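Annotated in Swiss-Prot:
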BINDING   CYS37, HIS59, GLU60  Zn(2+) 1 binding site
BINDING   CYS89, CYS92, CYS95, CYS103  Zn(2+) 2 binding site
Amino acid sequence: MHAIQFVEKGRAVLAELPVADLPPGHALVRVKASGLCHTDIDVLHARYGDGAFPVIPGHEYAGEVAAVASDVTVFKAGDRVVVDPNLPCGTCASCRKGLTNLCSTLKAYGVSHNGGFAEFSVVRADHLHGIGSMPYHVAALAEPLACVVNGMQSAGIGESGVVPENALVFGAGPIGLLLALSLKSRGIATVTMADINESRLAFAQDLGLQTAVSGSEALSRQRKEFDFVADATGIAPVAEAMIPLVADGGTALFFGVCAPDARISVAPFEIFRRQLKLVGSHSLNRNIPQALAILETDGEVMARLVSHRLPLSEMLPFFTKKPSDPATMKVQFAAE
């Protein structure tokens, strides 16, 4: 089979590889759509995961079951599925508390185990979810959307009927837009998208979102006006800039992945006096079913975030250089 393979740190190739054997409890998935995420780039450069090279990247993927092991009864050949990539141990302190995304030895398809940038992928059957007739390119958004769901749950959005009056999201890339659209779907009347790129803001506006230029004087005048503010850029100064914009009693969600050594300055008295909630969110925590439910109703608009659907042979450049076109959003491998 053809696959993108990270053969060593910083080196990705298009390879011809054998299809792996099918162990008990597993299914062979014929990959139909697989999305590129910045985490894939971090894996390539050994900034994320345990540096398990060689490895096939890709943790946002959907496909058709091609075969199942003899002990698998839940799925059969021909079933249409999406993959939950996280592989927690199930026994550590975090797993016992239900925080599988914080597993002390967390593994994942596309990070420590071969993933979805290949024609076929061997996956544990209990990590598959049926997608019915949902288009594959839409279903492949389930994993990043599940990360969004985990973030909203961590922040208490929608829990016990709690819905902020308004929200602000920094970073009009695919994940930031997924978050903003999901906030709207939860009933938040006004969701504002902040970015420095005018074309991305225009796209966000076309999706029905309010927009603001990040770092602008106009935005700074909205101090203490947003009940919920999230950073989806992973840029520390942007994350720091959230705090003054949060309304009294509001919530700031650290959703983007800042560098491990990045630092921000926050006044503890301000958190205390204004009763602010600072919330972190990492990955997904068995949220694929909730993500699929959102895609059933909002999949058409969210699918607009998929800007490229390419064969494997055209995917490699997106792993090795940052796209210069701001119109590039979610790039997916689409089976020919």
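Using the three backbone atoms N, Cα and C, a Cβ is placed for every residue, glycine included.
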Cβ density check for CYS95 (Zn(2+) 2 binding site), other Cβ within 10 Å (all protein chains) comes to 18
For CYS103 (Zn(2+) 2 binding site) and CYS37 (Zn(2+) 1 binding site), determine the Cα separation and express it in whole Å. 21
To test your reading of the Zn(2+) 2 site: which residues beyond CYS89, CYS92, CYS95, CYS103, same chain only, put their Cβ within 8 Å of the Cβ centroid of those residues? PRO88, GLY90, THR91, ALA93, SER94, ARG96, THR100, SER104, THR105, LEU106
Around GLU60 (Zn(2+) 1 binding site), how many other CB atoms lie within 10 A of its CB? 31
Around the Zn(2+) 1 site formed by CYS37, HIS59, GLU60, list the extra residues of the same chain whose Cβ is within 8 Å of the site's Cβ centroid. SER34, GLY35, LEU36, THR39, ASP40, GLY58, TYR61, PRO85, GLY110, GLY115, GLY116, GLU143, PRO144
Candidates CYS37, HIS59, GLU60 (binding-site residues); nearest Cα to CYS92 (Zn(2+) 2 binding site) turns out to be HIS59
For the C-alpha pair, I'd like the distance in angstrom between CYS95 (Zn(2+) 2 binding site) and HIS59 (Zn(2+) 1 binding site), rounded off. 20
At the level of the C-alpha atoms, what whole-angstrom distance separates GLU60 (Zn(2+) 1 binding site) and CYS89 (Zn(2+) 2 binding site)? 20
Around the Cβ of CYS92 (Zn(2+) 2 binding site), the count of other Cβ atoms that are within 10 Å: 16
Take the C-alpha atoms of HIS59 (Zn(2+) 1 binding site) and CYS89 (Zn(2+) 2 binding site) and report the distance between them in angstrom, rounded. 18
CYS37 (Zn(2+) 1 binding site) and CYS89 (Zn(2+) 2 binding site), distance between Cα atoms, whole Å: 24
One finds that other Cβ atoms within 10 Å of the Cβ of CYS37 (Zn(2+) 1 binding site) number exactly 21
